[in-house]
Every structure is written in C-alpha cells, then in structure tokens.
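Asks: Below is the structure I would like to discuss, written out as structure tokens.
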Ligand SMILES: NC(=O)c1ccc[n+]([C@@H]2O[C@H](COP(=O)([O-])OP(=O)(O)OC[C@H]3O[C@@H](n4cnc5c(N)ncnc54)[C@H](O)[C@@H]3O)[C@@H](O)[C@H]2O)c1
C-alpha cells in the first residue's frame, strides 16, 4: 500500500465530497475534486470557500492556512485521468449501490494497484461496493459526518477483505488531517453511527408525522433533556432528506422490523423538493436549523 500520500482524489463534490476535500487540503494534501459537471464543481468550491471564510472569521483557522488549503484543491470532470495520479481515493457520490459499484470498477482499473480506495457510504456494506473492484482488499469505509470540516470523528469500517495495510494507510491519512477515529470491526449496513442515528431520526420523524409534536419540540427534548447539540429533526434537515430517505429505506429493507422504517412524511417532503438545508427548506422552513459555523 502507498506509504506516502500526496495526491488525494475525492469523487463527488456535493455536501460531503466538498467538505472532505477541504479537510484533506487543510491536512496538507494536494486534492483533486471530481464530479460530473462544471456547475456542480463550482458549487462545491463555493461551499469550501464559504466554510474556510467562516473558520477564519471565528478564529479557528489562520488566513494564510485557509489560502494555502484553497490553493491545494483542483477540480476536474475527467475521473480516469485524475485516478491515474492519485495516492488515495475517497468516494462521496450519491448513495446508490449500482452507481458506487460502477465507480469502484472504474477506479480499480484506473488507479495504481497499491492505492487505497475509501468510500464515504452512509450504510452500504463495504464488501458489496468493493465487489466489482480489482483487489478488494484495498477498499475501506471512511465515514465522515456532516459537515466534515467541523466534525472531527470519522468512523472507519473494515470490509470482509480489507487488509491491515489499507487500515494503516487510512489511519495515517486521518491522523494527518487531525481526525479521531472509531473502528467498526464488522461489515454491517449502517455501521455504528447510522444504526444509532437512523433509529433515533426515524422515530423523531414519526412523532412529527403522527401529529404528536412539532419539529421544534422534538428537537428541544433531544437538546434540553438528553444534552444533544442538535435535535434529530434538525439533523435530518442538515444531512439532506433525500439522502436520509435512501439510507433509512435501505437499512429497513436489510434489517426488517420497524426501527429504521421512514414514515410517509419523509418521502412527501422529498417529493416536494424539500431536501432540507441544501435546498432551503425541509422539516424547517428556511434552514434555520443549520449549525452556526
Ligand atoms: N449528507 C450527509 O450528512 C452524509 C453524511 C455521511 C455520509 N454521507 C454519504 O456521502 C455520500 C455523498 O452524500 P452527499 O450528502 O454529499 O450527497 P450530494 O447529493 O450532496 O452529493 C453527491 C455528489 O455526487 C455527484 N455524483 C453522482 N454520481 C457521480 C459519479 N459517478 N461520479 C462523480 N460524481 C458523481 C453528484 O453530482 C453530487 O454532486 C453518500 O454516499 C452519502 O450517503 C452523507
């Protein structure tokens, strides 16, 4: 496995990919951000710019460090060319197994054989994503949470075939990015974090769906009674309701029972294009639940 990582390729410039690219750039790595079109890439870069500005304004990052990080990030729509020069790849595309498998097949063909391929999937088994990939022992789960520049804990997931060497490279990379890790030792859907958060968030959405409580009151209970920083409904708006719907549906199909089943209100909001903060409204009207960064 690559002992030395210089070039990090992040695939997907959405909410997570742009944040992960920023974290890697702040960690001193050269980053290439890939997506399907120039417009999405421009939106990803704008998100990074905005986040860096907020970090500087709040005194958490120096101006020079922010400018250096920004200068380390390049963008392209040419995945194959970018893959050739990568020392580490982090995938953060849409939460769709077919799309991820198609991408990992391509990465397997295009990257050097020693390059670790990490997926930021929210719940798919790492071994399923690695199935079509040349040398699946280099595929590993690296699950950042949203927003990556502020959330310092990363969940690392071992696939059935993930090698010790891939784990070691991943540990070193995340340590250089100043991240803490927890290790999910079995390749189970949802890992540690999303089994916990999906069960809580779907129950919270059910309370709203059944007219038992407002989003504000559900969140108030979590914050003031349980000491959570953010309530589960605000968390859903922040994560994106389309992504949350995909994740909860997949977990529910895998595990059965009711604990992960999304209530109808989630699909209804998605149908109305109310995806949460990223589209301006979700359960809440105007993204007012956003973390004050
Ligand atoms: N949103 C969260 O809170 C959160 C947290 C942890 C993990 N995740 C996971 O991270 C991944 C990304 O989620 P997100 O919220 O950033 O989604 P998003 O919809 O904001 O971004 C996904 C991006 O991937 C791009 N894309 C799709 N197919 C592609 C391909 N084949 N090649 C290149 N780019 C492609 C899209 O154009 C889009 O810009 C998902 O697997 C999601 O489950 C999300």
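Think of each number as a place in line: the chain as shown, counted from 1.
From the backbone N, Cα and C atoms, a Cβ is placed for every residue, glycine too.
Okay, these came from TrEMBL:
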type    : residues                                           : note
DOMAIN  : 8-187                                              : domain '3-hydroxyacyl-CoA dehydrogenase NAD binding'
BINDING : 12, 13, 14, 15, 16, 17, 35, 95, 100, 122, 146, 278 : NAD(+) binding site
SITE    : 143                                                : site 'Important for catalytic activity'
DOMAIN  : 190-285                                            : domain '3-hydroxyacyl-CoA dehydrogenase C-terminal'
Asks: How many other Cβ atoms are found within 10 Å of the Cβ atom of residue 100 (NAD(+) binding site), counting all protein chains shown?
Replies: 23
Asks: Write out how many residues of the domain '3-hydroxyacyl-CoA dehydrogenase C-terminal' (190-285) are helix, how many strand and how many coil, based on DSSP.
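Replies: Going through the domain '3-hydroxyacyl-CoA dehydrogenase C-terminal' (190-285) residue by residue, I get 62 helix, 2 strand, 32 coil.
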Asks: Can you tell which of 14, 16 has the most other C-beta atoms within 10 Å, given these are the binding-site residues?
Replies: 16
Asks: In whole Å, note down how far the CA of residue 143 (site 'Important for catalytic activity') lies from the CA of residue 12 (NAD(+) binding site).
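Replies: Rounded to the nearest whole number, the Cα-Cα distance is 14 Å.
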Asks: Looking at Cβ-Cβ distances, which residues of the chain lie under 8 angstroms from residue 143 (site 'Important for catalytic activity') while being 6 or more apart from it?
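Replies: The answer is 120, 121, 122, 154, 155, 156, 157, 191, 193, 194.
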Asks: Using a Cβ cut-off under 8 Å and a sequence separation of 6 or more, which residues in the same chain sit near residue 146 (NAD(+) binding site)?
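Replies: Expected: 15, 16, 19, 238, 239.
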